[in-house]
Amino acid sequence: MMRPRLKQAGWIAALALLGLASSQSDPLKAAVATGGAQYAQVILDQDEGQRLCTQYQSQLPGELIPKFIEAQKALIRYPANGKLLGDWQNGEKVFTDPKRGNCYACHQGDPKQLAYGTMGPSLANYGARGTSEPILRYTYEKIYNSWAFVPCSLMYRGGVHGLFTPEETADLVAFLVDANSPLNRR
Amino acid sequence: MRKVVLIPMILAFVGAFFALTQQDQPLDPFEEAMKQREQYLKTFGILPGDLFASQGEELFHTKRGPAGKSLEECDFGLGPGQLEGAYPYLPRYFADDGKVEDLETRIVSCMQRIQGFKPQEINRDDVVALTTFVASKSSKAKMQVVPKHPAELAMYNLGKQLWYTRAGPRDMSCAVCHDDHAGKRVRLSPVMSPQQGLGSEWPAYRFEEDRMYTFENRIQFCYASVGIPAPAFYSEPQIALTTYILAEATKAGHSFQELPFFTR
């Protein structure tokens, strides 16, 4: 009974100390800790990309862009079978699922779906670009890590964060480019 | 007493009514809220937010807590018991406890200092009702958050820093939606910037959630919806973001809506 409570108290004390110790140099840490341990953990545990996008308010200076893009490209993983074009029907599920793609939050997709967001460009008729290797590769990499093309974009790096797997990314590609996908039917 | 009994009754009615208005063609969310509001008024002659406000009023004037006092001595910045027009100046610095507080944090600190409650004895539902009541005394008032005291300026700067912080599994910050894409929609919900009057609706009854929401509840909702664990009530990140948003909306000359507001 005593143990976990002590442990928790110790942790909170450690966090508070951390806050106090760094409060001269970094008032952010101390203040964020008052929001709770879980909140502080996520806010303070940024990766390098998030840190740069925060520092420059999502407008990276030009000279930082090539290195940034290189670092983001290096985070992209591919399906074990090497196929960038998967199953559009499963892709539709991932696209729609609020816990995975949640793409309708920002994009128009199937023209029949009217509850779509407008923060991103419409993806209806995306298949008009064809299914050449460069198109498949761009689409795959863009969905897996949007920041490898547009640094600090609003569009999150779903593959990098594991919101969907490399295989599911290939399914999303199929949902965008397959001629039978409702995105491309007219 | 009669009014208090009405709350669960109205809330039970909500689910059924909401289901009725689902259609093939999605209704503009603002129009949808106005329709729901009309229905409430027609059916009950009163809005849910007003029931919370009157519950808060009763709590405000009742002698409670270990000290057996009402909250009439609580100073919201214009002097003890001065409620009219106090909300638009919050968050602000209070010399009596040396802190910058938003309305709900001020209520909590008065419940501790004046009524003698311990923090763990303070019921969130009571704070929500009290917040609704005090804010209702500033319905449609002009926003007046202008940080001047060094502690207010520090709070504003912290809020600004958090506003731009990209974090969590969806790489979000408040700014990428509420500045860079303001005027666009997430699904069907239009997103506003502070310059367009973000923050003018709270406290509000949200019929889709079937609950009364304060400003802090609303901030928590956005954090949770982008996969970041929400900051605790009455914490510095809450007060800082509230200060930042309302100071920016004040600069743009905005006023509050009818408070308590009714929304989706």
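Don't overthink the numbers, they just go from 1 along the chain as shown.
The backbone N, Cα and C atoms fix where each Cβ goes, and this holds for glycine too.
In TrEMBL, annotation is done automatically, which means it is predicted and not curated.
A helical conformation is recorded for B:C222 (active site, cysteine persulfide intermediate) in the three-state DSSP classification. Other C-beta atoms found within 10 angstroms of the C-beta of B:C222 (active site, cysteine persulfide intermediate) number 16, with every protein chain shown included. The active site, cysteine persulfide intermediate annotation in TrEMBL covers B:C222.
Around the Cβ of B:C110 (heme c 1 binding site), 23 further Cβ atoms fall within 10 Å across all displayed protein chains. Positions annotated as heme c 1 binding site by TrEMBL: B:C74, B:C110.
Sequence-distant neighbours of B:H178 (heme c 2 binding site): residues of the same chain at least 6 apart with a C-beta under 8 Å from its C-beta are B:W163, B:V191, B:M192, B:S193, B:P194, B:L198. When secondary structure is read from DSSP and collapsed to three states, B:H178 (heme c 2 binding site) falls in the helix class. The heme c 2 binding site annotation in TrEMBL covers B:C174, B:C177, B:H178, B:C222.
What TrEMBL lists as substrate binding site is B:R218. Every protein chain considered, the tally of other Cβ atoms within 10 Å of the Cβ of B:R218 (substrate binding site) stands at 20.
TrEMBL lists B:55-143 (among others) with the feature domain 'Cytochrome c'. Applying DSSP to the domain 'Cytochrome c' (B:55-143) sorts its residues as follows: 37 helix, 11 strand, 41 coil.
In terms of DSSP secondary structure, the domain 'Cytochrome c' (B:159-248) contains 37 helix, 12 strand, 41 coil. The domain 'Cytochrome c' feature in TrEMBL is assigned to B:159-248 (among others).
Positions annotated as signal peptide by TrEMBL: B:1-19.
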Cα proximity to B:C174 (heme c 2 binding site), best match among recorded positions B:C74, B:C110, B:R218, B:C222: B:C222
Candidate nearest B:C222 (active site, cysteine persulfide intermediate) in space, where candidates are the binding-site residues B:C74, B:C110, B:C177 and distance is Cα-Cα: B:C177
Recorded positions (B:C74, B:C110, B:C177, B:H178, B:R218, B:C222) in Cβ proximity to chain A, threshold under 8 Å: B:C177
Candidates B:C74, B:C110, B:C177 (binding-site residues) - the one closest to B:R218 (substrate binding site) by CA: B:C177
Sorted by sequence, non-B:C174, B:C177, B:H178, B:C222 residues with Cβ within 8 Å of centre, heme c 2: B:M172, B:S173, B:A175, B:V176, B:V191
Neighbour count (Cβ, 10 Å) for B:C174 (heme c 2 binding site): 22
